[in-house]
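**Q** Please read through the structure below; I'll follow up with questions.
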Amino acid sequence: MGFLSPIYVIFFFFGVKVHCQYETYQWDEDYDQEPDDDYQTGFPFRQNVDYGVPFHQYTLGCVSECFCPTNFPSSMYCDNRKLKTIPNIPMHIQQLYLQFNEIEAVTANSFINATHLKEINLSHNKIKSQKIDYGVFAKLPNLLQLHLEHNNLEEFPFPLPKSLERLLLGYNEISKLQTNAMDGLVNLTMLDLCYNYLHDSLLKDKIFAKMEKLMQLNLCSNRLESMPPGLPSSLMYLSLENNSISSIPEKYFDKLPKLHTLRMSHNKLQDIPYNIFNLPNIVELSVGHNKLKQAFYIPRNLEHLYLQNNEIEKMNLTVMCPSIDPLHYHHLTYIRVDQNKLKEPISSYIFFCFPHIHTIYYGEQRSTNGQTIQLKTQVFRRFPDDDDESEDHDDPDNAHESPEQEGAEGHFDLHYYENQE
């Protein structure tokens with residue numbers, strides 16, 4: 001016992017010392033401090049970076065011809081550098097920008113290691129269809145968006161990966177289309193084929209029918225003479241401007257219940273069924289610059305109607321609005337009817353049928369002798385709705401906006417359709 005007593009004494013004093021250290025430590029002071037912004041964690045986290053691949057691989061993989069920003073290390077910018085060939089693409093790159101160059105070919109080795117690519121922009125180059133190696137894009141299983149507009153393509157590129165969601169082929173020379181070229185594009189939501197040489201015979205096999213997710217289809221400025229057949233019911237936006245379409249088959253739009261915007265200006269439309277546009281969800285309808293001679297039924301949800309530059313002599317309100325339902329008002333707010341042959345303004349009863357309307361733009365009308373006239377119209381003041389925001393009425397910058405500015409805005413911000421002319 002005498003031998004163990006000093007050991008117990010030593011342990012006792014050691015325990016007291018440790019207890020006193022923790023007793024005097026101010027825990028509250030440590031946790032009450034503000035976080036240190038300069039504190040660096042072991043892993044250098046950065047916002048807007050996909051960490052599927054270690055960060056150090058990103059910073060070491062950019063080629064000398066291009067620029068890879070540190071804040072977007074998965075993107076490689078090679079645009080506007082007078083490149084004639086596609087440089088080597090590192091494996092980790094997901095967004096590749098090669099627009100505004102002088103590239104003429106896309107070879108099989110162009111993206112051989114870049115299997116993570118999600119977006120490729122090859123617009124504004126000199127690429128021809130025969131210079132695209134077969135299957136070069138189909139080997140990219142993660143590709144979502146492909147830009148090939150403003151090139152020299154004569155044929156629709158084929159094959160393409162099933163993953164593709166957005167395909168832009170506008171401003172080319174496409175006049176050939178394989179029958180099964182679009183069969184595998186089951187995930188495509190947007191297809192732009194404007195400003196090509198497409199004609200009716202290329203579309204007769206209902207090539208768009210299997211695109212069950214397609215929401216936007218741009219076929220403007222082609223050589224179409226009839227409405228494209230077999231459009232998918234998922235379609236929300238359809239652009240057919242600047243073609244030679246003269247008629248619309250009855251019940252054509254019955255299978256397009258989701259259609260939100262329809263643009264058919266600069267065609268040859270003449271006689272159309274009066275209720276052809278009776279679509280449940282349509283908001284914008286543009287049929288200006290045609291040969292229409294009379295108005296048609298206005299669907300309840302339509303907000304913007306463009307009828308300029310036709311041959312309409314009278315806006316028949318009975319046809320436009322055959323009945324008034326106080327519980328379900330029409331949503332029309334803007335009508336453009338300039339450059340027609342109207343001899344008198346629309347009846348003031350239009351405000352009973354379309355209580356939300358704030359602008360009827362008459363502009364100049366064409367007379368029978370070829371001269372232009374201005375219609376004398378009464379001034380109507382629309383009282384603000386209860387749900388109108390007060391700042392819209394108090395803002396002097398918005399108070400004097402012209403009818404053209406107020407009505408020309410589209411619901412899809414594409415460079416083709418910024419203004420209704």
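Yeah, the Cβs are placed from backbone N, Cα and C, and that goes for glycine too.
Pasting the relevant annotations from Swiss-Prot:
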MOD_RES   Tyr22  sulfotyrosine
MOD_RES   Tyr25  sulfotyrosine
MOD_RES   Tyr31  sulfotyrosine
MOD_RES   Tyr39  sulfotyrosine
MOD_RES   Tyr51  sulfotyrosine
MOD_RES   Tyr58  sulfotyrosine
MOD_RES   Tyr77  sulfotyrosine
REPEAT    92-113  repeat 'LRR 1'
CARBOHYD  Asn113  N-linked glycosylation site
REPEAT    116-129  repeat 'LRR 2'
CARBOHYD  Asn121  N-linked glycosylation site
REPEAT    142-164  repeat 'LRR 3'
REPEAT    165-184  repeat 'LRR 4'
REPEAT    187-210  repeat 'LRR 5'
CARBOHYD  Asn187  N-linked glycosylation site
REPEAT    213-233  repeat 'LRR 6'
REPEAT    234-255  repeat 'LRR 7'
CARBOHYD  Asn242  N-linked glycosylation site
REPEAT    258-280  repeat 'LRR 8'
REPEAT    281-294  repeat 'LRR 9'
REPEAT    301-321  repeat 'LRR 10'
CARBOHYD  Asn316  N-linked glycosylation site
DISULFID  Cys321-Cys353  disulfide bond
REPEAT    331-353  repeat 'LRR 11'
REGION    382-421  region 'Disordered'
COMPBIAS  385-395  compositional bias 'Acidic residues'
MOD_RES   Tyr416  sulfotyrosine
MOD_RES   Tyr417  sulfotyrosine
**Q** Specify the secondary structure state of Asn316 (N-linked glycosylation site) as given by DSSP, simplified to three classes.
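**A** Reduced to three states, the DSSP call for Asn316 (N-linked glycosylation site) is coil.
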**Q** Residues with Cβ closer than 8 Å to the Cβ of Asn121 (N-linked glycosylation site), same chain and 6+ apart in sequence?
**A** Asp79, Leu96, Tyr97, Leu98, Gln99, His147
**Q** In terms of Cβ proximity under 8 Å, which residues at least six beyond the ends of the repeat 'LRR 8' (258-280) contact it?
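**A** 220, 233-248, 250, 252, 286-293, 296-302, 306, 319, 410-412, 417, 420-421.
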**Q** Looking only at the repeat 'LRR 2' (116-129), what is the model's average confidence as pLDDT?
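**A** Mean pLDDT across the repeat 'LRR 2' (116-129) comes out at 98.
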**Q** Sort out the residues at least 6 away from either end of the repeat 'LRR 6' (213-233), same chain, that have Cβ-Cβ distances under 8 Å to it, and list them.
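**A** Contacts of the repeat 'LRR 6' (213-233) (Cβ under 8 Å, skipping residues fewer than 6 from its ends): 170, 186-200, 203-204, 206-207, 239-249, 252, 255-258, 263, 412, 414, 416-417.
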**Q** Grab the same-chain neighbours of the repeat 'LRR 1' (92-113) for me: Cβ-Cβ under 8 Å, and only residues 6 or more beyond its ends, written as numbers and ranges.
**A** 50, 53, 57-58, 61, 68, 72-86, 119-128, 131-133, 135-137, 139-140, 142, 147
**Q** Tell me whether Cys353 (disulfide bond) sits in a helix, a strand or coil according to DSSP.
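**A** Looking at the DSSP assignment, Cys353 (disulfide bond) belongs to a helix.
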**Q** Name the one residue among Asn113, Asn242, Asn316 whose Cα is closest in three-dimensional space to that of Cys353 (disulfide bond); these are the glycosylation sites.
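**A** Comparing Cα positions, the candidate nearest Cys353 (disulfide bond) turns out to be Asn316.
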**Q** Quick one: pull the CA-CA distance for Asn316 (N-linked glycosylation site) versus Asn242 (N-linked glycosylation site), whole Å only.
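**A** Spelling it out, the Cα of Asn316 (N-linked glycosylation site) and the Cα of Asn242 (N-linked glycosylation site) are 27 Å apart.
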**Q** Who are the chain neighbours of the repeat 'LRR 9' (281-294) in space, where the CB to CB distance is under 8 Å and they lie at least 6 residues beyond its ends?
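**A** Cβ under 8 Å, 6 or more out: 236, 241, 257-272, 301-314, 316, 319, 331, 336, 410-411, 420-421.
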**Q** List, by number or range, the same-chain residues at least 6 past the repeat 'LRR 10' (301-321) whose CB is under 8 A from its CB atoms?
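**A** Tertiary neighbours of the repeat 'LRR 10' (301-321) are 265, 274, 277, 279-295, 330-344, 346-347, 349-350, 353-354, 361, 363, 407, 420.
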